[in-house]
Every structure is written in structure tokens, then in C-alpha cells.
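Among the features that TrEMBL reports, transmembrane segment is placed at 38-57, 384-402, 414-438, 458-482, 494-515, 521-540, 547-578, 590-614, 621-643. Here TrEMBL flags 149-343 as domain 'Peptidase M28'. For 421-630, the entry in TrEMBL reads domain 'Endoplasmic reticulum metallopeptidase 1/1-A TM'. Residues annotated as domain 'Endoplasmic reticulum metallopeptidase 1-like C-terminal' in TrEMBL: 647-874.
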Amino acid sequence: SGLIEEDASRQRNILSTIIELNAEKRQKAIPWYYAPTYLLFWLALFFAVVVPLFNYLPTAVRESEESTKPGEFVAERAQKLLLVLDRMGPKIVGDEMNEKTMVDWMLREVDKVRQVMREDLYEIEVDVQRASGAYLHWEMINMYQAVQNVVVKVSTKSSNSSNYLLINSHTDTKPGSVGTGDAAFMVVVMLEVMRQLVISEKTFEHPVVFLFNGAEEQPLQGSHAFISQHKWSANCRALINLDSAGAGGREILFQGGPNHPWLMRHYRESAKHPFATTMAEEIFQAGLIPSDTDFRIFRDFGPVPGLDMAGAYNGYVYHTKYDRFDVISRDSLQNTGENLLSLVRGIGNAPEMYNTEAHSEGHSVFFDFLGLFFVYYVQSTGVALNICFSIAGLVLVCVSLWRMSKVTGLSPGAVTGSFGIMFVMELAGFVLALGLPLLMAVFYDAGDRTLTYFSNSWLVIGLFIIPSLIGLMLPVTLYYTLQTNHKLPHGYNLQLAGHAHCVLLALLCIILTAVGIRTSYLFLISLLFYVGALAINLLCKLHDRGFLWSILFCICQLLPFLYFSYLFHSFLVITIPMTARKGTEVNPDLLISILCALGTILAMGFLAPLINLFRRPKSIIVGLALIMFTFCMISVSDVGFPYRPKTSVMRVNFLQVQRTFYEYDGSISLDDSGYYFDLQDRRLEQPLAETMDISGIVHLEKECETQMMCGVPCFNHRWCEARKAARWLPRAQRVEIPGSTELELLNKTISADGYRVVYNFKLTGPGRMSLFIKPLSGVKMVDWSFLRGMLDKPFTYKPPYHIFFAWAADDAPIEFYLELTKFDGKFNEPVFEIGISGHYLSQLHKRDALSQQFIKDLPDFVHAMEWPASYARYVY
């Protein structure tokens, strides 16, 4: 009993000493007014390093400098071509501008390249492909007729290689958009790269095929025509796909492979200005980005592995009339041109091209660091790295706890108990750092105030980043300040906060790695630098010397902070403009708040608790809360109105529709006109209602319960998917349609057994038409002249069936048949419904006077993608 009393007395003395030391260290803590300086240092680092490097572009090469810079991409020449394409105006599939003028221009430019070619080294072959076909695209059959591609093959005469590198971009544009960024920018870059290849003494082993795709916006028809039908497609072994979701700036590599990491190695060795991340690939392939590219067609129908790169800066002008020459810098052309030229030379000489399947070694983990260099490794290596550093973090934390126990004389259980409490605090901080920004997003959505940051993106600092930062700080700070009877010295307590964050990241890293998420490399980066700092602190015994460990700790956090702030700044620059076309069903603020929260947690997760190095840390949290409140007040003022004329517009997609519903006996049950709105963002029609009279607008939800496809001519799969959230604004005056859509029944044949019937039709109409087919109760579609894919997968594709049809250089009508069966064999009564929509997309199609006035009355902050459309529903 005496020994027990002696031991208890010793423990009380140790505890008393620690409490006295903690009190003394609090008195000696750094004055509170240095805490804002500490936080502002990281903010200044962001603006001094991250923003300039993100915006960096190489200086453009002029034509006059070409003799002194042989073999380099010449942006000035490409820019001159870009101006020519800009002045041509929109290039809609089916219009003369796209099908003749653009094709002729492309052939002339290729001929100019041929004229300067080293004929002793190279040869050029040109083919204008015209093709018809169809494929399953999401929930519809995507059917095309006479789409055109200009295809150019450049070969080295001394090479016998039959393995081609394919480079693809598109020449067509969306209705109402000149498409200078999307994708004339990439077209002129390809032309200049072609020129540099054939005037150079540096030859390449493998032929390069330049595909100037004439029908991408339809969607994705030109690429399918090439890969499924062109004579050179079978020899294409690798792909570089070029597209755009913006105008100017740097292009991002956001998809690679799949399963071909050798392509990433060539990107690392060749790209002069790398900009890439696995995270972008996984986000895009998860469907969180409202876009698609030709890469998917080449991957699925080739299959051809490759690299998918796109311009993503200034997405505000994407698919609008403001996508023009004046928003694209010459330096951005130089950036993309230098990357592409180097990549083509690298992959064009790659030995892997002889047998690409032999080098199919799994997915890659890849990212650039501030645009300075590129890192990649295969997924299996990533798994090993993630597990090793996660375990190393856990082991070193245990070593640190043991060290604390040894130095303080406290039992290992007491130290572990303190760590357990701190882990709970850190977990609470993690949840708050995620939850508070999400809560802000929910509150703003409930008050119809989404997208307040759309034009003034700096508002996300106060709306989402500061709440996340407060969440990181709050639990740990309250614990330190309210619980005065700490068993460990204050310096050790602060280290416990970092240890808890390390353990949490290690567990998350292991879990995400186990489920195959390659974006877990982000946690690896955090763990790598924390484990390094902790190991050095333990070896140098800074671990036990007051707050000296924090100096090395902050130094080791510089690179992770720079990377994470760069990465998530990039994502915000790319995704904020996309929120205006994300659709109406999902709150876009949730995506932005999650990005802000994750960026804050990764960049500041280890750094935020260090405000407890300073006196009165709670005052810092109060100050941040006041800043957040100020930002909230600003956001609900006019500053927070999302849209601005020209620079950040509201997208309004609407059709001027004439509807006619024919019944089985030929009578007309509905004959009306109106405007059909496919709204693009969460604010719905509210901004329009505040500036113009749309009081008659109605939700189509009730129509969807009674009418096939809600009774509207939804354009493609995206429109049809969102049809239940669409709006209809009736108008008394009939919409004048600049053409006609005619469905003619050629024949109706009942089978000999009396249980099947075949209908033969001929359809004539404009360049874009959709057929919606719905067998009635007791009737089943058993065959048709379209692709059978839908009928072969009845559990995946259910009626009404959607067939989208487009023609380009040939407007010949299509003939098709439908074969149906009916269990009772009664075919002298209604069997099926068929809806035919005709879309007149071109700016050459005249809008009637009332529609023109309606368009004119739209507010100046609106960009309208609109056209006349007819919709006729028949019952057979």
C-alpha cells in the first residue's frame, strides 16, 4: 500500500507540474494579433504563387521569329486562321456553311500545308468522308445521314509503319454560337502542328491522321462515322482528342487510357506545360460534368486508347454567341500548340505503337504540380504507396505517443486517452468542415439564392471556404480553451491534433484505395509530408522542445498547401461556369461547397489547429465568423445576382413549338403553339419573370402524366431526360414553322397468323428530327429497321423509344418499318403512338415576328439557344 501511495503521489506531482507548465506556456504564447498574420500568410502565398502559375501562358511565337525558332509552334499563324473561322459565323450541321464552305476551306488550308511540305521526307493523303450510320447513345438511337469529315494522313516516306496516331477535333458548332473556342481553336492548332511536322527535318515513325470532324455537336456523330467506317480507322492505335468547354487559357488532360499508362509517360516526357489530374478523370466519368466528348466514342467503338484534352478556361462563353475571337489570347494558342506538337512527335515515334495491347497495364494515377512538372504511376503502384504511407503514418503516431509518455512520465494509457479525445475532436472538425459549407448551400437553395458566386467567384471565400475553416478550428479550439486541466504539455496537445488528422487521413486513404478510387492520391500527398515532418522532428528531438516542432511542420506543409490550393482553385475556375448549365434538379451550390470544403480540409487540415499557438484563439474564430457574415450580406445584395451581360450570362434554351395531336380516326385533339423551355440552372424562370411578362408559364409535370414524352419535342437525350422539369408558355398566335415534317404511311401488313403487323413509313423533314414510339397496352415491339439494341435489352430500354435522326450533306427522306405483336390480334384499333418532332436549328431558318419580339424582350443578361420546332403525334 505504501508503494501505491508513493506512485499516486508521484503522478499527482507530475500532473501538477504539467498544469503549471501549461499555464505558464499559455502566458508565454504568441500574442493574439499575430494569428491574423499567420492566416494571411497562407492567403498571400496563394495569390503570390498559385494564381500566377495557374494563369501562366508561354509567350506566343510570331511568324517573323520562325527562322530563329525552327520547329516551334507559331501561334500568330494559327491566330490568323482563327480569325477567318470566327468571321464565318456558326457552322451548323446540314447548313451550307458546314457542309460546303467549311469543307472547301479545310481542303485549301491542307493544300497550303502540302505546298510547304518537305516532299523528300513526307507525303500527305486527304479524304473527305461522307457516312451514314447509327449507334446507341444513352437513352436514344443516334442516327445520322451523310455527315462529313475531312481526314488527312501525314506519313514519313522512309517508314513502313501501319500504326497510326489519330488526332481529332470538330469543326461544327452549336446553334447560335460561332464556336471560336469550341472548337475552332483546336482546329487551327491542328493545322499549325501539321505544318510544323511536314517542314521539319525531324521525322516520325508512325503516320499521323488528322480528323477534322464535321458533326460533334449532334452529338458525337462524326467520330462514330470515322471509327466505324473509315478505311484508316482500323490502323489507329492511339488518340489525342481535342475539345473545349471554354475559350482560351490552358487545356487540361482530364481522361487517359484507359489501361494504357505508357501514354501518360509520353505526356510527362513531351508536354511542356502540363495540366492534368486523375481527380478530373474520375469526376468526369462519374457524370458530374454536363458534357461529353468524342473520346468516349473512340474508346467504346474502336477501342482506341488515348488522351482527352480540353480547354476549360472562361466556360462562361461556352456554347454562346460570346464564344468569339476577342476572348482568346494568342498565348493560349501557343500553350496548346507547344503541348500538342511535342506530344505528336513523342507518340509518333513511340515503340509501344507497334503493339499497344502488350502495354495495357492498368489505370494510371496522374497529376501536375503547379504546371511545373508532371507525375504519373500505375494504379498498382498507387495502391502500394497509399498503404505504405498510411501505415507509416499510423506507426509514427504510435511512436510519438510513446515518446510523449516517456518524456512526461505519464502512463501510455493516459497519453492514449488524451489522443482518443483529440481524435474525436478532429473527427468533429472534419464533419463540421464538410457540413457547414453544405449547410450554407442548403440554406441558400431554400431561399432561392443559389449561384450568388457565379459572376463574382470570390464570394465562395466567405460562403464556403471560411465556414469550412471555422469547422476545422472550432472543436479543437474549444477543447483547448475550455478544458484547462490537460494532462499533457500544450505543445504535445497541439501535436496530438496533427496526429489525429494524420490517422483520419490514413484511414480514409486505405478505405478509398480499397474501393479503387485513384483520387486517394490526394491523401497520400498529405500523409507523405506529415510523415516526413514527424520523422524529422522525432529524430532531431524537436518533438520534445516546446513549439519548435511547429516551425519544421509549417515548412513541410508549404508544398501540400500550394498543390491543394492550386488543384481546387483549378476546379472552381472550371466548374463555377458549368453550374449555369447543370440543370434544375440538383442544387449546384452543393458541388461548389464540397469542392471548397475538400480543398480547405486538404490545404489547411494540419495548419488550422495551429491558431492555438496564439493567445485568445477563440477571437480568431469570431473574426472569421464576422467575415463570413459580411460575405453573406454582400451575396444577398445586387452583387450576388448571378448573371451579367456578355461575360457571365444566363442560358435559356427554348423552342417555338407548333403542336398537333392526331387521333386514331384522323381527328385533331390538340392544335396549339407555345414556347417550350428547357431550363438550364437552379434559378429556373425566376430571373425572366422579374424582367418580362411570362405569367402564363406552366410546369409540364401534369402533361407528363398523360402525354407521351410530356407532349413536347424534346431535342436529344439531355432535353428528354430533363423534360419533367420543363416549362411551357402558351401563345395564342400560331408559330410559323419554316418548313414541313411529313410522316407517310406506305403500307400496313398483317401476318398470316394474325398476331403480327408491319407498318412501313417514309419520313421527310429538316436536318434534325426525333421519333418517339410507344406501343399501347397489350402491344410489344418485336422488330424495326433501326438498331436492334434497344429491343434486345427490354429491361434497360423501355418505351417510349427515342430515335434521333440527323442529316448533313444529303436531305433524302428515310424509310423505316415497325413490326409489332398484339396478344389478341386486333389490329383494327389503336396499336401504338408515334411522335415526330422537326427541329430548325440554323440561323438561316426564319423566326416569325412574334418569336423575334419575344427574343428581343429577353433581358440583356440572357443568351438564348432557340429555334422553331414542330411536333406531331399520331395514333396507328
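Sequential numbering from 1, following the chain as shown.
From the backbone N, Cα and C atoms, a Cβ is placed for every residue, glycine too.
TrEMBL annotations: computationally assigned, not manually curated.
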In the same chain, residues at least 6 away from the ends of the transmembrane segment (621-643) whose Cβ sits under 8 Å of its Cβ atoms read 36, 444, 449-456, 459, 461-463, 466-467, 469-470, 473-474, 477, 580, 611, 649-650, 681, 683, 687, 861-862
Here the stretch out of 38-57, 414-438, 458-482 with the most C-beta pairs under 8 Å to the transmembrane segment (590-614) is 458-482
The mean pLDDT across the domain 'Endoplasmic reticulum metallopeptidase 1-like C-terminal' (647-874) is 96
Quick tally over 38-57, 414-438, 547-578 of CB pairs under 8 Å to the transmembrane segment (384-402) gives the top stretch as 414-438
